[in-house]
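To start, the structure itself, in structure tokens.
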Amino acid sequence: MSAKKKDLFSSAMKRTSEWISSQEVSSDVTVHIGEASFSLHKFPLSSKCGFLKKLVLESNKDSDSTVVKIPDIPGGSEAFELAAKFCYGINFDMSTENIAMLRCAAEYLEMTEEHSVENLVVRTEAYLNEVALKSLSSSITVLHKSEELLPIAERVKLVSRCIDAIAYMTCQESQFCSPSSSSNNSNNEVVVQSKQPVVDWWAEDLTVLRIDSFQRVLIAMMARGFKQYGLGPVLMLYAQKSLRGLEIFAKGMKKIEPKQEHEKRVVLETIVSLLPREKNAMSVSFLSMLLRAAIYLETTVACRLDLEKRMGLQLGQAVLDDLLIPSYSFTGDHSLFDTDTVQRILMNYLEFEVEGVRLNNSTVDLAGDMERVGKLMENYLAEIASDRNVTLQKFIGLAELIPEQSRVTEDGMYRAVDIYLKAHPNMSDVERKKVCSLMDCQKLSREACAHAAQNDRLPVQTIVQVLYYEQQRLRGEVTNDSESPAPQAPPAATTAVLPPKLSSYNDELSKLKRENQDLKLELLKMKMKLKEFEKESDKKSSTTTMSSNPSSPISTASMDKPPLPKKSFINSVSRKLGKLNPFGIPPYNARGRTKPPKDRRHSIS
């Protein structure tokens, strides 16, 4: 026996001896409570305790001293000591700390009105009804003490009365309780709460309760009209305290005993069953923490699937850290992160989108939400791509689930693909083509195209596609600018935000257009001069022929018919003009182009 227990027993014997009013009367009964013993008298005990009276009568009447053993009295030796003081008429204080065990001990010892007036049962009941159950904090304390006194605390209805009192007073104190709470929320929709949830002052007191008592209290509160989404802050506070100490944010061997692991598993499964169904009642970060704990504690599949569906419903509010869930697998061939869980979360999100189960039906909000999810998943792919244990099938399967309409550009997907190719240098050409097929080269930005064109990790076919689409884009921009009417003067605000490169490009294009118009005008003038020169030449030639041989039949015939056009002269002039190339546009060559003069480059006729 330890020294501490010996001191406890000696102090109990000392206190017992002080109760005896007359030192001349020796004790005639010894009561053993566990390892403690009390030397008392039969008369005061038997007069008020029906249980002890039976034991004394059944004991050996011939012996002067009677030994009684009570192994399972509620509250143990401490409760029996107070009951014995009551039998001897010694005053002591009743409080919320000892009223539960006093009530249960009085019931066990049968200290009822049949044996004495104003017995301990009546006295404890009066204190409960008039003092302990009139205060919320006192009721919680009594319920907490009653958890160690089962099942007798249930038999005397101590637990149920405490729960009912707590539920009533919390509904009176809280803002989340209204008589018509269920009818006012027919669409099961909740306004998004602030980042800092409102926690009532009594929520901290409820965290001392055992999980079964805590569950019964919350159910009683909802039965009295407490709104379910108002339980969110209470559940978060209880989970943070009860699940403290779990290594859920790092990969490593479990450092928890099996018994403690079982208790925490029960706590977690109960908390998940109590989570409100309304959207935004719980934050995504809190749901992610519960999911990590559920995987770590190996809870039921239904518990984990429930958390995954809840995260899928609010995936648009998640951040990257919420999805970086460790795999908790201790073999070397597994990845660092649980990609299968994240894949199911994304599938749940897509299912909600397709079936229209989303609570927010605004098209603009859904488009923005989809875009946020697309960026989030691209960042997640880039994060897990550096893990060499991520297989090609997992990477492609997760990437293919990301909706195309959520990806405005393919820069995020290109970044993830590039990291994956860098972390897996031994991939075959076929595998690299499969990975690169995940991105749409037409939606790459110019910076990404410039990087991809010089990236030797990409297959040659992908690089060719990037260059081709970039060339098509540049050609389309030039064509659209040339065919569009003269641009109107943009507003001052728009002009101020134009990039320097785009502004200089527009200036150069307008300058080339003006030069092109000048060239057309010069060409028109040159043609008019050529026509005048041809007319003068025709007149001179006809005059010379008529003067030299006026009676010739040939000349007569030529006078009767119109003069033939001088095709050879005009064709020669046209060929010369073609060689001069006044438009400055070289003939198109599929394999290459001759570089035009600097002052005529990019001119458009």
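Yeah, the Cβs are placed from backbone N, Cα and C, and that goes for glycine too.
TrEMBL labels come from automatic prediction, so no person has curated them.
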Legend entry - TrEMBL annotation (region 'Disordered') - matching range among 15-36, 257-278, 477-498: 477-498
Legend entry - Number of helical, extended and coil residues in the domain 'BTB' (27-96), per DSSP: 29 helix, 14 strand, 27 coil
Legend entry - the domain 'BTB' (27-96) [mean pLDDT, rounded to integer]: 81
